[in-house]
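Record features (Swiss-Prot):
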BINDING   Cys444, Cys454, Cys462, His465  Zn(2+) binding site
COILED    155-215  coiled coil
COILED    480-510  coiled coil
REGION    11-156  region 'VHS-like'
REGION    510-530  region 'Disordered'
REGION    542-565  region 'Disordered'
ZN_FING   441-468  zinc finger
Amino acid sequence: MQEDVYRSGIRKNLNRILQELTDDGKLDFESVPYQNLKAEIEKRDEECTEVLCKVLLETASRSGCADRQFVLQLFNEYFCNSSLFRDQILNDPKEFIEIMLETDPIRNPLPGSKSEGNELKSKSLAFIKNWEKMYAKNDARMKCLAVTLRKTKFVDYENGEKKIEEERKRREFLDERRRMIVERTLSLYKSKFEEIKEDVERLKMELETTMEMLVPSFTNSDDVDIPMDIPSTSSKSFELVIEDLSPLIKVNADNDAIVEAFLGAKTVLIHRVQTMRKLAKGLLPLKGAGESLAQSIIDYRDVIKKLVLKADEIRIKTKKKPVQKAKKFDDDFIDVEISIDDILMVQYANEASEDVKEDVKEPEKKLANPKKEEPKVKFVSFGLDLKYWGEERKDVEVPKNNADCHRFWRSADESTVAGTVHDTVYTQRQFTFVGEAPKIDRECLAKLPSGALCKRKDMFKCPLHGPLVDRDANGKPVKDEDRLKEIDRKERKRLKEAEEFSRKIVKEYESKTKRKRKHEEETSVRSRLQKKLFDPKTIQRVSADITSQQRSRLEKNFSHQFSHL
């Protein structure tokens, strides 16, 4: 009973010590609870010291790594000042090293995070090494404890402190690097915001100026004071309903430039508002470091947004441009006038037909509206004179119905007498095409290998140098895109000539050595698969397997049928 009371008193003092910590996280060895525990130690009572050691171990086993570090300071203080407390620890150090150094991580692991556990281990190793220097010469138990810690595989007694120190330095280096990255990112975002802010201030001034010019304000004058309520003796009252208060601006020659500047500034400001929104969103991952900059960007964006919304209230009425109808024909084609022969042929055909009136109206409509309906291209029916054009043929024999020809309803004509065709069939017809040849006065002017310029004239394309383009006195294209096309054409021509030259060299080599040169095989996936799949042996093997599978399946399903056999 007395021992329990004594333990409860020690626990109270220990809890008060842990509660009365200093600002730097160390124990206050001048406090009253610590002096009470120290007085218990100084009594040199073995039972009291044993109870104190057990209470400290129980408190450490129930606490986290942070509180264990404070208890470890008490262990170090009492270990150095009390021989009885030192004997209690060195007689059975197993529980102490399990709690402080995690020598049995499976059954008794350290609570909390890994970083806190490593910090507790490093401090414990530092204290134990200090104990070894002080008491290892005179106390064999201290030597045994050090040897045990050196042999255990869960504690790196020699290099553990170095590794923990390296881990701490690496963590500090990473924190410093992260801080530098954050600072660099903040400076980059800040410079971007300053650039955008300069541009936005200029656009803001331009937008406000154009708004004042388009919709001037008459309320800024302080010369005339108009009272809000004017006294009147009349009993009549009027009600006015204004449907829309937003101003309407009609575009004319006087304010065209102002309206254009107003719309341009408003459009660019809308884009800048979106850019500032993206900047503020990009600063969110930086959390505390970028909150102030993000808040300033958001506040400035809201101011510009209000100005843009105010500018949106102004309605602008523009004149509708006349819609130009698209041309139905291409400009590359040339209109051909209707020839007199065509008109006469139509008239003669109309006189011979029964419906003269209906047929006469069509050419009149064509002549009256030549722009609406295009003239049809003249064509002639195909005949033997076109097939044998330029040849003189007379009394051409025509074969009879030979038996080798296909016929179904009548029998073959067995006579071998050939017939003749009338001479008029082969008489060459004459066609008159009336029209004016287009004038061609555009020269190619491309530079020839001799240094002179190509004098070939054509309408659209030179057969040697491609489409006709504008060139200067040296034969170089004037436009950049034409110059790039010219360079591309020359490069393709050079590659083609090089390929032909290499092919010619290969042929000469093969003719001299009388053996063909091995060409490089393709190394693509498709070529390798083709070589494997289309190999004759592979096809034969696969087809044999497929045939045997089909035969076995047929025999299994239809072997009992007589027709299958």
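Just so it is clear, glycine is given a Cβ too, placed from its N, Cα and C backbone atoms.
The record gives Cys444, Cys454, Cys462, His465 for Zn(2+). Within 8 Å of the mean position of their Cβ atoms, the other Cβ atoms in that chain belong to Glu443, Leu445, Ala446, Arg456, Asp458, Pro463, Leu464, Gly466, Leu468. Each residue in the zinc finger (441-468) gets a DSSP state, and the totals come to 0 helix, 8 strand, 20 coil.
Sequence-distant contacts of the region 'Disordered' (542-565) (same chain, six or more residues past either end, CB-CB distance under 8 Å): none. Taking the Cβ of Cys454 (Zn(2+) binding site) as reference, residues of its chain lying under 8 Å away and at least six apart in sequence are, in sequence order, Glu443, Cys444, Leu445, Ala446, Lys447, Leu448, Cys462, Leu464, His465, Gly475. Beyond its flanks by at least six residues, the zinc finger (441-468) meets 332, 474-476, 485, 489 of its own chain at Cβ-Cβ distances under 8 Å. In this structure, the binding-site residues under consideration are Cys444, Cys462, and the one with the smallest number of other Cβ atoms within 10 Å of its Cβ is Cys462. Over all protein chains present, the Cβ of His465 (Zn(2+) binding site) has 19 other Cβ atoms lying within 10 Å.
With DSSP classes pooled into helix, strand and coil, the tally for the region 'VHS-like' (11-156) is 105 helix, 2 strand, 39 coil. Summed and averaged per residue, pLDDT over the coiled coil (155-215) gives 83. With helix defined as DSSP H, G or I and strand as E or B, the region 'Disordered' (542-565) counts 17 helix, 0 strand, 7 coil.
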